Amino acid sequence: MANPTVIKLQDGNVMPQLGLGVWQASNEEVITAIQKALEVGYRSIDTAAAYKNEEGVGKALKNASVNREELFITTKLWNDDHKRPREALLDSLKKLQLDYIDLYLMHWPVPAIDHYVEAWKGMIELQKEGLIKSIGVCNFQIHHLQRLIDETGVTPVINQIELHPLMQQRQLHAWNATHKIQTESWSPLAQGGKGVFDQKVIRDLADKYGKTPAQIVIRWHLDSGLVVIPKSVTPSRIAENFDVWDFRLDKDELGEIAKLDQGKRLGPDPDQFGG
């Protein structure tokens, strides 16, 4: 089996291409989920202040037999804290029982309030202080990203967006790549695979490779150059989602999955959300 792949970010830092998402997991659930994830080989964990499970993540990491240097921990600045990123980060660090965060992401731009440039400037300072290794954003559209770059001169290393076979965001993905911004997929299985896992192309590829539909979709993200963070608290599913290193999809197969794109957003519209 091939080793899990890593991605080099534009700031020189390296992150695993496949991580564990913990959205909607309780503090108790997240402890057992992370224990299982580390056991099967995950080294990247993606949480957020808004998930209200950073304390559980912290306990799991505290008890882990994996060295801190081997782990890649992401958390996120919530919308209410755009004017106080320092306090928000220190609160997250305390809950996570960590000295630094590998990747700190602004969770939403919230253009109705329009503090995202101010928040970004604060995140830049926190990175300079060594409290954060890398800084990025989630759910930013091209015009939000361009404004950050124009007003601060600092480009996010990551843009984590809703991305799955029904919502492929190819224009944004390409724009990110042109600006050396790594695209990361949230809700990569389209919230449990509804409308995706039953597609003929997905089922046919699952049969061909002896894999599950979820594994095919995760491999599609990986082979499309995306960082991907499938969420699960089920031990068997956590293991299944990581068992994707012994096959690859070819160009034609990726192209067939590309045809599933409907521009179908399952989550909020970033131009409207918050505020």
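Any Cβ shown, glycine's included, is placed from N, Cα and C.
Marked as active site, proton donor by Swiss-Prot on the basis of similarity to another entry: Tyr51. Residues or ranges marked as substrate binding site in Swiss-Prot (evidence: similarity to another entry): His107. Taken from Swiss-Prot, the feature NADP(+) binding site covers 187-241, and the record attributes it to similarity to another entry.
Sequence features annotated in Swiss-Prot and their locations in the structure.
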| residue | record | Cβ neighbours (10 Å) |
| --- | --- | --- |
| Tyr51 | active site, proton donor | 23 |
| His107 | substrate binding site | 23 |
| Ser187 | NADP(+) binding site | 21 |
| Lys194 | NADP(+) binding site | 11 |
| Val201 | NADP(+) binding site | 17 |
| Lys208 | NADP(+) binding site | 12 |
| Gln215 | NADP(+) binding site | 21 |
| Leu222 | NADP(+) binding site | 22 |
| Ile229 | NADP(+) binding site | 26 |
| Ser236 | NADP(+) binding site | 9 |
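Mapped onto three states, the DSSP output places His107 (substrate binding site) in coil. Taken residue by residue with DSSP, Ser187 (NADP(+) binding site) is part of neither helix nor strand, so it is coil.
In this structure, Ser236 (NADP(+) binding site) is part of a helix by DSSP. In the three-state DSSP scheme, the residue listed as 'active site, proton donor' is classed as helix. Classification of Lys194 (NADP(+) binding site) by DSSP places it in coil, neither helical nor stranded.
According to its DSSP assignment, Ile229 (NADP(+) binding site) is coil.
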